[in-house]
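Undergrad: First the structure, which I've put down as C-alpha cells, then a few questions once you've had a look.
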Amino acid sequence: NDTLLTEFVLSGLSSHPELQHLLFFTFCLIYTITIIGNLLIFIVTVHPTLHMPMYFFLRVLSFLDISTASIVVPKMLVNFLSEDRSISYVGCATQLYCVIFLGATECYILAAMAYDRYMAICNPLRYAIIMNSRVCHSLVLLSCCSGNVVSVVQTAWVFTLPFCGPKKINYFFCDIPPLIMLSCTDTSSYEKQIITGTVLVIFTPFCLILVSYACIISSILKISPAEGRHKIFSTCSSHLTVVTLYYASGTLIYLRPKSSNSQDTKKVLALIYTTVIPTLNPLIYSLRNKEVKAVL
C-alpha cells in the first residue's frame, strides 16, 4: 500500500557534522556577496548614462541571479545548522518550479543579450532603431513566458510520479534528477521529456548564441584598429564566460538525469549555476566594463 507523502528530507552538501559550520559561513559569505553585487549592478545600470539595451538586459540578469540564489541558499544555510532538514511536499514543488523557471528564463535572456551584441556590432547604424524599448521588453516577456511554460510542464511531470520509496533527497535543494531517483516506477519516458526540455531550453538558445558570435567575430576581423578589436573582444568575452559556465553545468545535469555520475558531481555542477554564477556575474560585468566602473 502506498503512503501519502507529505514531506521530503534534504541531505545537504555534506553528511560530515564537523563541516556544517564551515559550510554555513562559506555560503553565507557567498550569498551576501551575491546579493550586494547584483543589487549594485541593478542600481548602477539605472543611471541615465547607461540607458542602453545591454544594461537593461543586465538588470534583468541581476534580478534573476538574486532570485535564484534566494530560492536555494537560505534553505541550504538553515539545513547546515539544523537537524530537521525536512521540506514539505508543496514547498519542494514550489522550489522546483522556481528553480526551473528562473534557470530557463536566464538561458533565454543570455541568448537575447548575445543578439543585442550582434546588433550593436554588426548593425551599429540601425542598432538604436532595431533594439528599441518595445523590442527589449518583448524579448524579456517572451523569455519569461517560455521559462514559465517549461517550468510548469516539468514540475507537473515530476510530481505526478509516485514516490513510494525513501523520502530522503540526496541533494541540497529540490531538483529533477534527485527527485526522479525516488520514484518507484519506470521513468524512461519522463527522461525523454527532460531531454526534449534540455534541447529547447539549453541547446536552442546556445545555437543562437553561437550564430550571433560567429557573425560578431566575422565583423570584428574586418575592423582595422587593434584597439577597436580589443574593446569588442573584451565586452563579448564577459558574456561568453557566463554562457559557457551556465550552459555547460545545466547540460551535464539535465541531459542525463539518471546517469552513472555520482550525486556529489551533480551537486558541484548545481552549485555552479545556483550560487557561483550569480556571484560571478556582477564581478565579470563590472570589472570588465569601463562605463559601469565609472558610474559605480
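Cβ atoms here come from the backbone N, Cα and C positions, even for glycine.
Below, the features straight out of TrEMBL:
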TRANSMEM  22-44  transmembrane segment
DOMAIN    37-285  domain 'G-protein coupled receptors family 1 profile'
TRANSMEM  56-74  transmembrane segment
TRANSMEM  94-115  transmembrane segment
TRANSMEM  135-159  transmembrane segment
TRANSMEM  194-220  transmembrane segment
TRANSMEM  232-256  transmembrane segment
TRANSMEM  268-287  transmembrane segment
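If you look at the structure here, what lies around each of the features I listed?
TA: In the predicted model, residues of the domain 'G-protein coupled receptors family 1 profile' (37-285) average a pLDDT of 85.
Panel annotation: around the transmembrane segment (94-115), residues 54, 57-58, 60-61, 64-65, 67-68, 71-72, 75, 87, 139-140, 142-144, 146-148, 150-152, 154-155, 158-159, 173-176, 179, 201-202, 205-206, 208-209, 212-213, 239, 242-243, 246-247, 250, 273-274 of the same chain, lying at least six beyond its termini, place a Cβ under 8 Å from a Cβ of the stretch.
Nonlocal intrachain contacts for the transmembrane segment (135-159), taken as residues 6+ away from its ends with a CB within less than 8 angstroms of a stretch CB, comprise 53, 56-57, 60, 93, 96-98, 100-109, 112, 115-116, 176, 179-180, 190, 193-194, 197, 200-201.
Away from its own ends, the transmembrane segment (194-220) comes close to residues 103-104, 107-108, 110-111, 114-115, 117-118, 121-122, 147, 150, 153-154, 176, 229, 232-233, 236, 240, 243, 247, 250-251, 254-255, 257 of its chain (Cβ-Cβ under 8 Å, at least six residues beyond either end).
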Undergrad: Same chain only, please: residues at least 6 beyond the ends of the transmembrane segment (268-287) with a C-beta under 8 Å from a C-beta of the stretch. Say none if there are none.
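TA: Contacts with the transmembrane segment (268-287): 13, 27, 30-31, 33-34, 37-38, 40-41, 44, 58, 61-62, 65-66, 68-69, 72-73, 99, 103, 171-173, 175, 238, 241-242, 245-246, 249-250, 252-253, 293, 296.
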